[in-house]
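Q: Shown below is the structure under consideration.
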Amino acid sequence: MKVLAAMSGGVDSAVAAARLVEAGHDVTGVHLALSRNPRSHREGSRGCCSLEDSFDARRAADRLGIPFYVWDFSDRFVAEVIDPFIAEYRAGRTPNPCLRCNERIKFAALLERGLDLGYDAVATGHYARTKVVDGVTKLYRSVDPGKDQSYVLAVLNQDQLSHSLFPLGNSLKMNVRQEAAALGLSVADKPDSNDICFIPDGDTPGWLSEKIGSADGEIRDESGALVGHHNGYHHFTIGQRRGLRLGVPAPDGKPRYVLDIEPVNNTVVVGGAEGLTVHHIEAIRPVWCSSEPVETWHGQAQVRAHGDPVPAIISAVPGGVAVELEDSLRGVAPGQAAVFYDGDLVVGSATICGTDRAGVKAEQAA
């Protein structure tokens, strides 16, 4: 098989490429240049967009003896990932850019170019598994629960999944590092990428302030009483406690959290922890990556990349998905992805637009 190995400059993508070479595939390494100014990203970053990362990817490819190229997708990355990220925060929502990057860049722009050039598949170092069942490529969790990345891949459709390879899905991270060391790969001990790759130093509020600006606004409690001020609602997300400048203490003396963000009024609403409890989720733009389920079914819902799945009743409704949680969740924010599982099988995903806490309607978030 002729395979494009997406090489970020990290240990996982390097070992994934090595395994494909060992399996006898015709492998070409590709590093995606996603920043218009890669020197603006700090050296030693834990992202994947710095010059240092591209050099690490090239060294790994040289060690494996495979061709290597750097492909510039920076313009498309801005249009498909960065601009929507800014727009979501401006609208008071909390997006996950990694899902968008997988959907629109790694398994769209890269895959499209690869197929045009005669490649059969794109491979990455994600910790997830696929299996073809009755002609359908199904997505599953990794065997390493601590590193499972199926959540950020749940936006992929059947066409994308059928041309995707995840060589690390049956491996533990500790074994991958050992394998990298045995192969003589210089990235064997390189730290994992945890930051948003296009935000220097991980300062998301500061970065957003440069893009959106900072407008002073009010912080009010659920009764509407003024309790503080803020210098930009994009500094906050649902469930946040830190950074609240409150001049009026809560009557019960307990901590207060962000319960809602009202961008139209430039207002942040705060309240007690009990106000974060969610039992019902509304979501839009569903993607059924492992075949469309029945109209209503029992499964599990996960709302954060490293969150715990919660038993739920999941129903297809006009315009999206309704989720009744059997166990409540806290701090669920519009803009997050809800990913639906049946055990280890990833059934699909959708974008959260409202909860019984926030009360946001689907048409407002569309």
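Numbering starts at 1 and runs along the chain as displayed.
For all residues, glycine too, the Cβ spot is worked out from N, Cα and C.
For ALA6, MET7, SER8, GLY9, GLY10, VAL11, ASP12, SER13, LEU32, GLY125, the entry in Swiss-Prot reads ATP binding site, with the evidence type sequence analysis. Marked as active site, nucleophile by Swiss-Prot: CYS101. What Swiss-Prot lists as disulfide bond is CYS101-CYS197, and the listing cites sequence analysis. Here Swiss-Prot flags HIS126, GLN336 as site 'Interaction with tRNA', drawing on sequence analysis. Annotation comment: Swiss-Prot describes CYS197 as active site, cysteine persulfide intermediate, evidence class sequence analysis.
Are these features on the surface or tucked inside, and what are their neighbours?
A: Here the Cβ of GLY10 (ATP binding site) has 22 other Cβ atoms within 10 Å, regardless of which shown protein chain they belong to.
Classification of CYS101 (active site, nucleophile) by DSSP places it within a helix.
Its Cβ placed at the centre, HIS126 (site 'Interaction with tRNA') has 25 other Cβ atoms within 10 Å.
Sequence-distant neighbours of GLN336 (site 'Interaction with tRNA') (same chain, 6+ apart, CB under 8 A from its CB) are THR94, PRO95, ASN96, VAL303, ARG304, THR351, ILE352.
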Q: Sort ASP12 (ATP binding site) into helix, strand or coil using the DSSP assignment.
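A: The three-state answer is helix.
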Q: How big is the gap, in Å, between the Cα of SER8 (ATP binding site) and that of CYS101 (active site, nucleophile), rounded to a whole number?
A: 13
Q: Whole-number Å distance between the CA of HIS126 (site 'Interaction with tRNA') and the CA of ASP12 (ATP binding site)?
A: 7
Q: What is the number of other Cβ atoms found within 10 Å of the Cβ of CYS101 (active site, nucleophile)?
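A: Taking all protein chains shown, CYS101 (active site, nucleophile) has 27 Cβ neighbours within 10 Å.
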Q: Applying a 10 Å Cβ distance cut-off over all chains shown, what neighbour count does ASP12 (ATP binding site) have?
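A: Taking every protein chain into account, the count is 26.
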